[in-house]
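Participant: Next up is a structure, given as structure tokens.
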Amino acid sequence: MVLLALQFGGQPHLQAHFIDSSLNATTVVLLVEIFKLMFAVLFMMLEGSIIECIKSWRPLSSLAVAALPAATYAAQNVCIQTAYRNLDPLVFNLVNQTKLLWTAVLTYFLLGRGQSSVQILALSMLFISAVLISIGEQTGLNDEYDEKNLTLGMLAVISASFLSGVGAAITELALRSYHRNSYLLSGELAMYSAILIIVVESIAHGEVPMLRPNFVAGISLLPIFTQAIGGIVVGQVTKHAGSVHKGFSIIGGIIITAILRSVLVNAPLRTEVCMAMPVTLLATYMYAKYPPAQKLKLKEK
């Protein structure tokens, strides 16, 4: 939980300080997916499940479970990289929480899973928070943002949140038919995402994304490493600690983002962002803490 909070809170700042904005976003995403695949294999080895996973692995079931979600996650990660480059780190993490709203809507239509009245209130609060931040980003421009496209950044993070909801709903739907080791699923998603990026880039530009030696070295790999490990850690926290504790980790992460921003970014927070932050924190807590009553009954049994 602590690791997830640190990763979630620090990732936007790491991206801003160590990733050159001129670098192709798909190159960054490709590296993240390669690292994620490596970590998934490593954790399966440490867990002692890799032999069993290899023996039970079937191409068709793998494609059925992971191929389509991988496409949404690849597009989502490109949007995230775009948002990182054009938004304040705290603004990014606050607006990114609207993925809870999209996930709730899509799982309702695809899986028929409803929300509790408290969760519906929390989702409404997240929407209000996103609107507040959007207003602030458009009305409070300053010199720090002269080189950033705030409209593009907001569109990118909202698109990423929507795609996160799509991917989560499709994955959950597929897992109803196919059992999957969580590390194996993470590895499959990473593998198919990387393949898709290579294919799309090859078609669009006639060449595979360049992994330049001067990029794949030294400190530039730090945010790649942390984003890759974060993609696996979040699944493990949800699996072993539950969604409530995951929610607490996200709340801690947002607070860490705010603390780091006060130290690293020489610019005051706009009023709308200051208003949106407590709303987002409270909404995240409410959404995680108060699931539908039916789930609570199942836990009691």
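Cβ from N, Cα, C; glycine included.
When I checked TrEMBL for this same protein, it listed these features:
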| type | residues | note |
| --- | --- | --- |
| TRANSMEM | 26-51 | transmembrane segment |
| TRANSMEM | 90-111 | transmembrane segment |
| TRANSMEM | 118-135 | transmembrane segment |
| TRANSMEM | 150-171 | transmembrane segment |
| TRANSMEM | 183-203 | transmembrane segment |
| TRANSMEM | 215-235 | transmembrane segment |
| TRANSMEM | 247-264 | transmembrane segment |
Participant: Is it the case that the transmembrane segment (247-264) and the transmembrane segment (90-111) touch, counting contact as three or more CB pairs under 8 Å in which the residues of each pair are 6 or more positions apart?
Facilitator: yes
Participant: Do we see three or more Cβ pairs under 8 Å linking the transmembrane segment (26-51) and the transmembrane segment (183-203), pairs being at least 6 apart in sequence?
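Facilitator: Yes, the transmembrane segment (26-51) and the transmembrane segment (183-203) are in contact.
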Participant: With CB pairs under 8 Å as the measure, which of the listed stretches 118-135, 150-171, 183-203 comes out on top against the transmembrane segment (90-111)?
Facilitator: 150-171
Participant: Quickly jot the same-chain residues contacting the transmembrane segment (183-203) by Cβ under 8 Å, restricted to those at least six beyond its ends, or write none.
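Facilitator: Hits for the transmembrane segment (183-203): 26, 29-30, 33-34, 36-37, 39-41, 43-44, 47, 49, 53, 57, 62-63, 65-67, 69-71, 73-74, 77, 171, 175, 209, 231-232, 235.
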